[in-house]
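Features of the protein shown, as given by Swiss-Prot:
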{"type": "CARBOHYD", "residues": "Asn38", "note": "N-linked glycosylation site"}
{"type": "CARBOHYD", "residues": "Asn61", "note": "N-linked glycosylation site"}
{"type": "CARBOHYD", "residues": "Asn130", "note": "N-linked glycosylation site"}
{"type": "REGION", "residues": "107-136", "note": "region 'BAK1/SERK3-binding'"}
{"type": "SIGNAL", "residues": "1-16", "note": "signal peptide"}
Amino acid sequence: MQLLATTLTFASGAAAYINSMSAPASVQRGQAFTAQLNSSIYVQNYDDFGVVWGLAPPNLNTSACVGCVGRRIGYTNLFGDKADVQVPPSGTVGVQVTVPADQAPGEYLLIAGASYLVGASGVTGFNYFNTTVQVCE
């Protein structure tokens, strides 16, 4: 019985966090596509608030330009009563992202900047995920 109580105590403090993102290899300008946000269980309270979506040149040095998302193409609210989507405790959720009609065709990094708050200390920040996409006519 003690083991069950301990397990439930830890489980109640666990929360999901976004740990990766994926998208189709080819996307069409002026059209929406579905990007996938993948989540896992985290041992502390963890809130992902939203994702800023961007397209950047494929040669963007993300180590030298920490926090850069390139051209902002969208935002997805993940928090509260008016969230655009609900991130599951562990799994995947699809998010609609639209490529601007005036985006030049070519290869880009699709970058997702996910804002978060974690733990009792209230640490905030962003996690960044990227994948290469080909923008087509």
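Including glycine, each Cβ sits where the backbone N, Cα and C put it.
Distribution of Swiss-Prot features across the structure.
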residue : record                      : DSSP class
Asn38   : N-linked glycosylation site : strand
Asn61   : N-linked glycosylation site : coil
Asn130  : N-linked glycosylation site : strand
Short question: which residues 6 or more past the ends of the region 'BAK1/SERK3-binding' (107-136) have a Cβ under 8 Å from it? 17-29, 35, 37, 42, 44-58, 60, 62, 66-70, 78, 97, 99
Note down the number of other Cβ atoms within 10 Å of the Cβ of Asn38 (N-linked glycosylation site), including every protein chain shown. 16
Just to be sure I understand the packing, how many Cβ atoms besides its own are within 10 Å of the Cβ of Asn61 (N-linked glycosylation site)? 9
Averaged over the region 'BAK1/SERK3-binding' (107-136), what pLDDT does the predicted model reach? 96
Distance between Asn130 (N-linked glycosylation site) and Asn38 (N-linked glycosylation site) at the Cα atoms, whole Å? 13
Could you give the Cα-Cα distance between Asn38 (N-linked glycosylation site) and Asn61 (N-linked glycosylation site), in whole Å? 24
